[in-house]
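Engineer: Below is a structure I'd like to ask you about.
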Amino acid sequence: MTGKTGLVLSGGGARAAYQVGVLQAIAELLPVGARQPFPIITGTSAGAINALGLAGRPGSFLSRTRALTTMWGSLQSESIYRTHFWGVTRNALDILLATLSSRYARERSLALLDNEPLRELLEDIIQFTHIERAIGSGDLHAIAVTAMNYSSGRSTTFYQGQPDIQPWSRTHRLSKPEVLEVAHLLASSALPTLFPATQVGDNFYGDGALRQTRPLSPAIHLGADKLLIIGNSENRRLQQPDDSIIVPPTIPQVMGQMLNAVFLDAIDADLETLDRINGLVSQTSQRQRENIGLGNLRVIDALTISPSQSLASIAREHIHELPRSMRLFLKSTRSIKETGSGGALSYILFERGYCKRLIELGYNDAMALADPVRQFFGLTPEGAVTRKSALWREHGPVVKKPLNPVTKAWYHLLGKKTRRINGT
């Protein structure tokens, strides 16, 4: 019996560009014309945007990954958040005032950056109606995005899928079947303190990585029998202690470590739990597990692909790409300096050069694991079609001439008329 393969896309702001490179490589390793190698797709934070980018578009898997590559390769910060220096400074003062007055804090959702341009971008590039068509045709079993409910503190997975899927509820986490919209993506990708909380229904939600202690759980609950996980955290062996002179950390440096704690630790811990469960299942019979109330446990194969280089180090090489207003703000907070692996820059650097580097890194990392990837999909080297030489030389990991704004590049692929996105 053929099981369902789930794709798990973690969060991490601009780091999610790495996922696109991995997906591009996987598309090239699959047989020509492969439509949907992942009938179950789950995403958190920026990973949710990539998830909906895959599901919310017709065509082959290769064409959809190429469209995502084009989008990320054409990004600018103005496409994600407003970058006026005084606007960012005013938001910072608003946050300060909110800490002094609860009444002021209740007037609106506060954050350092205004992500209204992201809403406009998502409305342009994702065909939400196609998701239901893909589910109806059987190409897609389910798709889910996770956000954190600020009122209850519970991690909430919003999913859209086949009608026989049963919702679940566990300690500090639950699921809700809903038709996915832009609001769900904005909620899932609302980086804490950076982007404002987003209202979905009667509640406000923040970034899905907050309190997501079981990031693999949604895909398994939706029916996945094996998982391909694309992380945004560099391999642990790359993380060396910082021997530089000890100085007090800057606010963005502290924020960077907080973001690392939110985004980078949960998947590693959940994979360890999965390994232990797989070991238990493989050493016991179905009847034994049923006798102790664990009859629903099953072996879940998993393949994880994560960066082979430090994304924070790459980000520091591209800080010059930030809009001048943002550079001034970071300089005023003593952030333009070597800040070790905890810098927040790697999460907010939505700029072409940086994103292209991450796409290329993701592509190369996945190609370095070509044999395990083929084995994961049950392909022999002879049966797989690798078009690295021809396709990569022809198209590259990103468009050769970056287009501005992002939507123009995306709509060029769709064959639609373009309209300007005002990022100011």
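The backbone N, Cα and C atoms fix where each Cβ goes, glycine too.
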Engineer: Looking at the ranges 43-47, 113-117, 163-167, 323-327, which is given as motif 'GXSXG' in TrEMBL?
Structural biologist: 43-47
Engineer: Determine how many residues of the motif 'GXSXG' (43-47) DSSP places in helix, in strand and in coil.
Structural biologist: 2 helix, 2 strand, 1 coil
Engineer: Could you tell me the C-alpha distance between S45 (active site, nucleophile) and D207 (active site, proton acceptor) in angstrom, no decimals?
Structural biologist: 6
Engineer: Starting from the Cβ of S45 (active site, nucleophile), draw a 10 Å sphere and report how many other Cβ atoms land inside it.
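Structural biologist: A 10 Å sphere around the Cβ of S45 (active site, nucleophile) contains 34 other Cβ atoms.
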